[in-house]
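S.K.: According to Swiss-Prot, the record shows the following:
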CARBOHYD  25  N-linked glycosylation site
CARBOHYD  39  N-linked glycosylation site
CARBOHYD  115  N-linked glycosylation site
CARBOHYD  338  N-linked glycosylation site
CARBOHYD  345  N-linked glycosylation site
CARBOHYD  528  N-linked glycosylation site
CARBOHYD  771  N-linked glycosylation site
CARBOHYD  776  N-linked glycosylation site
CARBOHYD  805  N-linked glycosylation site
REGION    876-900  region 'Disordered'
REGION    914-940  region 'Disordered'
SIGNAL    1-23  signal peptide
TOPO_DOM  24-566  topological domain 'Extracellular'
TOPO_DOM  588-596  topological domain 'Cytoplasmic'
TOPO_DOM  618-628  topological domain 'Cytoplasmic'
TOPO_DOM  650-811  topological domain 'Extracellular'
TOPO_DOM  833-940  topological domain 'Cytoplasmic'
TRANSMEM  567-587  transmembrane segment
TRANSMEM  597-617  transmembrane segment
TRANSMEM  629-649  transmembrane segment
TRANSMEM  812-832  transmembrane segment
């Protein structure tokens, strides 16, 4: 009995151990729901990839303890049915994750359901950016968000310099979610909208496209489902919108899917179209998978022939990532709470359960990283990232890659990553010329041009007598045609003349009633005219001013020569002349006989020397170094002063010749003088507003008429002419000596071109005018039409001349004064040092007597000077020891009798002419101190 019990015990233990071993080798089943539109080719392609992903993954990982089991539901291409299918999977199958939805419209409710039940919902094809705004950690986008491509699109626009675009999009969540991001990326581009309903019939699409043909836009960005986009392109081709000059650009999803619609035959419809699509790197694994997928798909769907698309690759990678995540996540909580068992109604939202496995699965899924078939699988904030986009050009049945775009490098050539450019493009109509992006409907722009009676330099219409063709020329026309060349698109103008030149208001109004597409000429921008048309930026100087004759000043102002300098400058200069004469006398009178003699003689000589430097005519020689230094400094000052005075005097004489006869408008009104204005201009309204009477106003039609009226004077003609500054400058450029333009200037808008309200051409032409102005083209055109005479001074500059005042030369006088003062100090110091014994002797004389004696010494000759030493030697050696002049060349002139009978005489040579020498005698003066002056002067 004991033996039987022992055997039974061993048998039970062995059975239990076998059960434990078998339990360790069992795998956990993870239910995964799949919601697809099973009747569509797109969903069948993706479902094949999903099934192959499960099979391939576990074939490569046989030891994994988890297994995905797929539960597929058909959404029947209906948003409500897709939501019902997801709810059924959660309530009846208690799935741990859902693959779907297939499009963005089905996603809204499914995301909210996933958030409530904590069931991760993974989409590989819903790309609308609006889904990101639904904050749910359980929604994972394993595909590219449409907003990630807008920067690549913006780079294309910048590269081709397109400034206008029409965004054609489908009227649902898929289309509307993309538009805000496109608008933000194209901030420098004007974006217009065109909405196509998802159920639109061909007639509705054609009607919308014909509206776009009537606009000026020729660049279109298309964002909609591929099937609808194909119809749009087919209709666009039928009505002529796929011809030369048009630009079509498709977004990412459409570019990927166009080849798969209608079995690839759709590429002929979209020839010349550009596209942006996410880059899928080539690999051996991808090539092998394509072959296997094609065999599997044709086996499952024998009647279908299609190719693998990028969304099927993302579906494959999504399943691979999910399989990795469930293996990593904790599988101990693979159940729902009791909520799902409270009701058997599959659509009862109130009793839906909550997955306890969801949080750990969501966390594990967000951390998965690997290189999949579509590239790197890496989620950031629940979204797949695409670091690279391809720029595609559809040519024939080919998809040519013409470039790439990355966030770091921007656009790159497809053949070289170093080139920031794109490859050659074949545009619609098989054109190789880059479209400018805009075109005027009807091919030509009807431009109204006024037929003027004068001022033909601005606008002139010439009529060919044979062909009756009208050709406009002039400054305004050349500015307009130069601006045309700056536009990023082709505009062909058709000029039509306006036969009422005296009524520019009517001319502008005809832009409002669509008679003209634009008005070009000398059209002044006014507030009243801006009510009916939009104006470009002005291309001329703005303002209305007054032109008057200049005075006939044959007799100039008597004292005009004093005008260049101010009073303080005259006084300062005169004081410096006196000061310089005094300083030179101080330095020279002890060593230079030219500065000696009676007091009045010394004063006259000093002043003569100083003032003669004004014209550099001083003949006295200076012998002391200090005096020479002072003279050099002062001559420089005099040079600057005289040159400045000459220039200023010339300016003042010019100003006098340009003095206007009238300077005040109020004087004209008060004196009831007649004034002129250009007929048909708004200037008449300004003059009436200032207070002029109707009988004071006389119109003129041309510059010659204005000249005739002004020449007659105010008694028979006019006292002043009022007009736009541009007209007055044109007159002055040829008659600068007769007239002058004076203040005040009444501000106006200047000349501009008129376009219909809200016309995009207004902004384009304004930018073109700015470019012309910045590049100096406007000034060059103005110089050609209004050349200035070389001898014409600028009246505004001449009338603004100012006197030169002391502050203009304060630095110069400061330098000269400092140098002269320094010389004085040196001179005084040397003199005191030389006669220091006079002040420092031990005699009992008072300081006053010593100073008097010192001044007496200062007034005497400095016999120690080299000048007097040389003279003494010269007198001793002549004429005894030298050749005696012949009697015919020597004249002895007796000195007048004086009380002194012992006066000595010296023989003075008064001529060193080779043919004649004359000598004169001059007494030798004896001083009280026993010294004598011996003078030997050479006169020439």
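For all residues, glycine too, the Cβ spot is worked out from N, Cα and C.
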S.K.: Can you tell me the CA-to-CA distance separating residue 39 (N-linked glycosylation site) and residue 115 (N-linked glycosylation site), as a whole number of Å?
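M.R.: Taking the Cα atoms only, residue 39 (N-linked glycosylation site) lies 28 Å from residue 115 (N-linked glycosylation site).
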S.K.: For the transmembrane segment (567-587), find every same-chain residue at least 6 residues outside the stretch whose CB is under 8 Å from a CB in it, and list them.
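M.R.: 595, 602, 605-607, 609-611, 613-614, 622, 624, 626-627, 630-631, 634, 637, 641, 804-806, 808-809, 813, 816-817, 820, 823-824, 827.
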S.K.: Given the glycosylation sites 115, 528, 805, state which is nearest to residue 776 (N-linked glycosylation site) when distance is taken between Cα atoms.
M.R.: 528
S.K.: Going by C-alpha positions, which of the glycosylation sites (115, 528, 771) is nearest residue 805 (N-linked glycosylation site)?
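M.R.: Checked the glycosylation sites 115, 528, 771; minimum Cα distance to residue 805 (N-linked glycosylation site) goes to 771.
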S.K.: According to DSSP, which of helix, strand or coil covers residue 115 (N-linked glycosylation site)?
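M.R.: The three-state answer is helix.
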S.K.: Any idea what the model's mean pLDDT is for the topological domain 'Cytoplasmic' (588-596)?
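M.R.: Taking every residue of the topological domain 'Cytoplasmic' (588-596) together, the mean pLDDT is 72.
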S.K.: Note down the number of other Cβ atoms within 10 Å of the Cβ of residue 805 (N-linked glycosylation site), including every protein chain shown.
M.R.: 13
S.K.: Out of 39, 528, 771, 776, which has the highest number of nearby Cβ atoms, where nearby means within 10 Å of its Cβ, if these are the glycosylation sites?
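M.R.: Max Cβ neighbours within 10 Å, all protein chains included: 771.
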S.K.: Check each residue in the chain of residue 115 (N-linked glycosylation site) that is at least six apart in sequence and keep those whose C-beta is under 8 Å from its C-beta; list them in sequence order.
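M.R.: In sequence order, the residues whose Cβ lies under 8 Å from that of residue 115 (N-linked glycosylation site) (at least 6 apart) are 136, 137, 138, 139.
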S.K.: Between residue 771 (N-linked glycosylation site) and residue 528 (N-linked glycosylation site), how many Å separate their Cα atoms?
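M.R.: Counting only the Cα atoms, the answer is 28 Å.
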S.K.: Per DSSP, to which secondary structure element type does residue 805 (N-linked glycosylation site) belong, with helix, strand and coil as the options?
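M.R.: The residue in question, residue 805 (N-linked glycosylation site), is coil (DSSP, three-state).
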